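Features of the protein shown, as given by TrEMBL:
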| type | residues | note |
| --- | --- | --- |
| DOMAIN | 3-89 | domain 'Core-binding (CB)' |
| DOMAIN | 110-291 | domain 'Tyr recombinase' |
| ACT_SITE | 149 | active site |
| ACT_SITE | 174 | active site |
| ACT_SITE | 243 | active site |
| ACT_SITE | 246 | active site |
| ACT_SITE | 269 | active site |
| ACT_SITE | 278 | active site, O-(3'-phospho-DNA)-tyrosine intermediate |
């Protein structure tokens, strides 16, 4: 990559990290996508982002599409490029943003998979004997109880959890946003059991709520692998992944309550186009909807 392309790209990534405070996982995705795009342009003689035009962008998308890359990935890459060029436009390094006039192939709308209430119960009520199994049950309950993202769950510290108050503070939400989410009674019980045996596994100075067998913070991949193991063990017909529990949380709560605004707040959605439509609900309102509607809530007062 030429210095001019690389310098501008590095500066943009620093701005995303330092000012927009996006997560390391998302930052890595931006870096991969934009580096691939920059290398494509460089191979065609482009030495500065100001030389990029609509034709070059469409050529990139067409070649990626012909290589079998799906619409969702192409839309993500185009969005990353638009963001970079908008950044340069604000700095007056460009006169316009050619990516704003380019459209990626549309992806078919696909509803997220959802487990039934009985399927969730089969997972979270399965026999858990060993310390790691007790940990897993607490994670599955918390995923379903509170609709957490995978990255949010593994980032939790013990200090983020308030069992007495029945809530958890998500400090590392998408876009660096913080939110307070209710924790239902079933999840609180599972977490209480886990906290009782956590000292057997956790290193003395480890703050993480969930730790691996070495006593260190459990990683994203570790959670995914454990959930897949439980799915095979329990004979699930479909693969299980953490986001499936989040989808199930949202679907079951919305079916029971009909309160789309509350569900959106509980999920921590950051889509401006959506969030502008709805008024902000305070935590007590959210907790009230949650108490009435969530299948495994039954909060104590």
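Placement of Cβ uses the backbone N, Cα and C atoms for every residue, glycine included.
Curation does not apply to TrEMBL; its annotations are automatic.
The number of other Cβ atoms within 10 Å of the Cβ belonging to residue 149 (active site), over all protein chains shown, comes to 20. Comparing the active-site residues 243, 246 on other C-beta atoms within 10 angstroms of each C-beta gives the minimum for 243. A separation of roughly 7 Å, to the nearest angstrom, links the Cα atoms of residue 243 (active site) and residue 149 (active site). DSSP classifies residue 246 (active site) as helix under the three-state reduction.
Rounded to a whole value, the Cα-Cα separation of residue 149 (active site) and residue 246 (active site) is 7 Å.
When pLDDT is averaged over the domain 'Tyr recombinase' (110-291), the result is 82.
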